[in-house]
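K.L.:
Structure below; questions to follow.
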Amino acid sequence: MPQSPEQPDVSSTVSYNRVMLKISGEALMGTQGFGLHPPTVRRIAEEVKSVHDLGVEICMVIGGGNIFRGLSGSAQGMERTTADYMGMLATVMNALGMQSALEDLGVFTRVISAIRMDEVAEPYIRRRAVRHLEKKRVCIFAAGTGNPYFTTDTAATLRANEMNCEAIFMGKNGVDGVYDKDPKTNEDAKRYDSVSYDDVLAKRLKVMDASAIALARDNNLPLIVFGLDEPGGFRGVLAGEGTYTKVHG
C-alpha cells in the first residue's frame with residue numbers, strides 16, 4: 001500500500017520488534033466529554049495498524065477514565081476498592097471497542113483481561129499472550145493488574161516487562177512529550193528531549209505514577225512519550241522521527 005505524505009516509509013529504520021502502547025481512556029473520547037467516539041477509536045486503530053504493518057508486535061493498555069476513574073469515585077465518598085474495580089471494568093469496555101476497530105481493519109486482536117470474563121475476553125496467561133504476539137496478533141491487556149490501588153500505568157509497565165517489550169510508547173493527547181511544567185497553562189514550559197527516571201521522580205514530572213516509573217527504571221525499560229493526535233505520530237516515533245521525549249535510566 002502506498003504511504004501518505006503524513007506516513008513516510010520508515011520500515012527500514014524501525015528497530016523495535018515488540019512494544020507496549022499505553023493510551024488514556026480520554027484519548028478515545030474525541031470531542032465528546034464522555035465515553036467512546038467511534039471515529040476517534042478508528043483513527044487510533046489506523047495508527048496501530050500502520051505500525052503493525054511494519055511487522056512490529058504490539059501490546060496495548062488503555063485507561064478507563066473516559067468511563068469511570070477509581071480515584072475520582074473514591075474522592076467522592078465511594079469505597080476505594082469498589083471504585084477501582086469499576087475503573088478496571090471500564091478498561092475492558094475500551095479494550096473491546098479498540099478490538100472491534102482493529103479487526104474491522106483486518107488486524108487480528110485479542111483482549112486479555114486480568115479479571116476473568118470468559119464470554120468477552122481471554123484470561124491472562126503469560127505464555128499464551130506471548131504466543132499471540134509471535135503470531136502477529138495485537139494483544140490488548142485490560143482490567144489493569146486485576147488488583148485495586150494499581151493504575152493502568154503500572155499495569156502497562158508490568159505487562160511490558162512480562163511480555164519482554166523493548167519500550168513503552170505513551171500516546172498523549174495535546175502534549176508531545178514531557179515538560180517541566182504543564183504546557184497547557186504555562187507558555188514558558190520547556191519540553192525535555194530526554195530525561196532520566198530518577199529526575200522524573202525527583203522533579204515529580206507528570207509522566208506516570210511513581211510505582212510505574214520505579215518499575216520501569218528497575219527493569220531498564222525505556223519510555224517514549226509522544227503526541228497521539230499527530231497523524232502518523234506512532235509510526236514516526238518508532239523510527240526516531242517527530243517530536244517526543246525519551247525517559248530512560
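Glycine is no exception: its Cβ is also placed from the backbone N, Cα and C atoms.
Sharing the feature lines straight out of Swiss-Prot:
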| type | residues | note |
| --- | --- | --- |
| BINDING | LYS22, ILE23, SER24, GLY25, GLY65, ARG69, ASN173, TYR179, ASP182 | ATP binding site |
| REGION | 30-35 | region 'Involved in allosteric activation by GTP' |
| BINDING | GLY64, ASP84, THR145, GLY146, ASN147, PRO148, TYR149, PHE150, THR151, THR152 | UMP binding site |
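Could you place the listed features in the three-dimensional structure?
P.N.:
According to its DSSP assignment, SER24 (ATP binding site) is coil. In sequence order, ILE62, GLY63, GLY65, ASN66, LYS172, ASN173 make up the list of same-chain residues 6 or more apart from SER24 (ATP binding site) whose Cβ falls under 8 Å from its Cβ.
Counting same-chain residues at least six beyond the ends of the region 'Involved in allosteric activation by GTP' (30-35), those with a Cβ under 8 angstroms from any Cβ of the stretch are 66-67.
When secondary structure is read from DSSP and collapsed to three states, THR151 (UMP binding site) falls in the coil class.
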K.L.:
Have a look around THR151 (UMP binding site) and count the other CB atoms within 10 A of its CB, chains all included.
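P.N.:
Cβ-Cβ neighbours of THR151 (UMP binding site) within 10 Å number 20.
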K.L.:
In Å, how long is the longest CA to CA span across LYS22, ILE23, SER24, GLY25, GLY65, ARG69, ASN173, TYR179, ASP182, which the record gives as the ATP binders?
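P.N.:
Taking every pair among LYS22, ILE23, SER24, GLY25, GLY65, ARG69, ASN173, TYR179, ASP182, the longest Cα gap is 24 Å.
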K.L.:
With DSSP helix as H/G/I and strand as E/B, how many residues of the region 'Involved in allosteric activation by GTP' (30-35) fall in helix, strand and coil?
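P.N.:
Tallying H, G and I as helix, E and B as strand, the rest coil: 0 helix, 0 strand, 6 coil.
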K.L.:
Fewest other CB within 10 angstroms, which one of the binding-site residues LYS22, GLY65, THR145, ASN147?
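P.N.:
Output over binding-site residues LYS22, GLY65, THR145, ASN147: least Cβ neighbours within 10 Å is ASN147.
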